[in-house]
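Feature annotations, reproduced from Swiss-Prot:
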ACT_SITE  CYS352  active site, nucleophile
BINDING   CYS8, CYS14, CYS17, CYS95  [4Fe-4S] cluster binding site
BINDING   GLN229, TYR258, GLU279, ASP325  S-adenosyl-L-methionine binding site
Amino acid sequence: MLACHHNCKHFGICGGCSSPQTEYELSLKAKELALHNLFSPLIPSQKILPVIPCSPILRGRNKMEFSFYQTVDGEKTLGFISPSKPKKGIPITECLMIDERAIDILNYTRSWWATHPELSAYYPPLNKGSLCTLTVRIGNVSNDFMIILTTSGREEFAVPLSVIQEWQKTLLDSGLPITSIFWEEKLSARNSPTTFRTTHLYGEQFLKQQLSIEGRSNIFHVRPRSFFQPQSRQAEKIIQTIKDFISPTGEETLLDLYCGAGTIGISLSPYVKKIIGVELVPDAVASAQENIQLNSANMEVFLEDAKQFCRRHEHLPPLDIVVIDPPRCGMQNKALKYLLRMSPKKIIYVSCNPLTQISECSILVEHGYQLQRMQPIDQFPHTHHLENVVLLERLSF
């Protein structure tokens, strides 16, 4: 396991890492113990497999979002916002979780911002200000970068295109391996869902990520708003765990709920008869459809809310396997209700939030399912977060 001999200079104040980088093994044991205690009412400890450590434990993140921030006195920072009260902007100059060149991009953006004092940082509670976030995504095929600048879409805080183009030129003149640059305008209004207007400024429309399972490699095109697991090597371990848990014969139909860009379904497609993917985010569905063609996968994807899809298909014969990888908030009660009516033989529940996961697994157990195996996988070293893969099987039909 890779050792870290020093802590990041921002440790303890930025809110990113909750345990010292020099104490990874200790933090891993603490996560494992907490998970055992949490799930002990539902599954014997011998069915919980040892946590799979993160590898690498440093600079493995393929995505990082940085926030623009300013105080009431006008002091401006670009980096993270501390969890302390009152909140503080932390001008990040080092981060051991991501490629060092991401910090270079941060610095070039700071320099550009300094030449435009008229641009204020966005303040979400009042929906005021111009500059929201800077997102850096890194592809593992060519180790190249996608940069996304998010600004306010409100007319009174709009950033002129000419100013955005100055930022673009600053980045391109840096010599960094930037594959694509996007500008997003955040359209937010009271009592309305937040949407984004995206402008492609430079380069490719997507970033390339590669995942390999048992010697089979797939290439995935990831767009600005597509979800992709934040640690590519850990994503492979998640998918391998799912494959091992379901023990496919090649004759199964697998429903992949919250399928995102199709990473799980496409990776599993050689092992089952058919994959059906369901995803609500149009950008992710576009990526999934592109990735299906790119990898010649036997998968069909639907642009639909998981709850609506399950409700429409609740009276069909029981599916063989359902894989759910929902947001941190979980499936929610109604979606879970319709999933239960579909009565799949096996359910794989992947979650980055064990608290939500155990709540919904408890409901599944109450309705005839049993937890058979559990595999925790560390995706966020030096934090309290832990990815968890659970196999549930229906006891009777």
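Keep in mind that glycine also has a Cβ here, set from the backbone N, Cα and C atoms.
Positions of Swiss-Prot features highlighted on the structure.
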{"residue": "CYS8", "record": "[4Fe-4S] cluster binding site", "Cβ within 10 Å": "21"}
{"residue": "CYS14", "record": "[4Fe-4S] cluster binding site", "Cβ within 10 Å": "21"}
{"residue": "CYS17", "record": "[4Fe-4S] cluster binding site", "Cβ within 10 Å": "21"}
{"residue": "CYS95", "record": "[4Fe-4S] cluster binding site", "Cβ within 10 Å": "24"}
{"residue": "GLN229", "record": "S-adenosyl-L-methionine binding site", "Cβ within 10 Å": "26"}
{"residue": "TYR258", "record": "S-adenosyl-L-methionine binding site", "Cβ within 10 Å": "21"}
{"residue": "GLU279", "record": "S-adenosyl-L-methionine binding site", "Cβ within 10 Å": "29"}
{"residue": "ASP325", "record": "S-adenosyl-L-methionine binding site", "Cβ within 10 Å": "22"}
{"residue": "CYS352", "record": "active site, nucleophile", "Cβ within 10 Å": "19"}
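Taking the Cα of CYS95 ([4Fe-4S] cluster binding site) as the reference point, the closest of the recorded positions GLN229, TYR258, GLU279, CYS352 is GLN229. What surrounds the S-adenosyl-L-methionine site, by Cβ distance within 8 Å of the Cβ centroid and not counting GLN229, TYR258, GLU279, ASP325, is the set PHE227, ASP256, LEU257, CYS259, GLY260, THR263, ILE264, PRO326, VAL350 from the same chain. On the backbone, the CA of ASP325 (S-adenosyl-L-methionine binding site) and the CA of CYS8 ([4Fe-4S] cluster binding site) stand 31 Å apart.
According to DSSP, the residue listed as 'active site, nucleophile' sits in a coil region rather than a helix or strand.
Of the recorded residues, GLU279 (S-adenosyl-L-methionine binding site) and CYS14 ([4Fe-4S] cluster binding site) place their C-alpha atoms 33 Å from one another. For CYS17 ([4Fe-4S] cluster binding site), the nearest of the recorded positions by C-alpha distance turns out to be CYS352; the candidates were GLN229, TYR258, CYS352. Separating the Cα atoms of GLN229 (S-adenosyl-L-methionine binding site) and CYS8 ([4Fe-4S] cluster binding site) is a whole-number distance of 23 Å.
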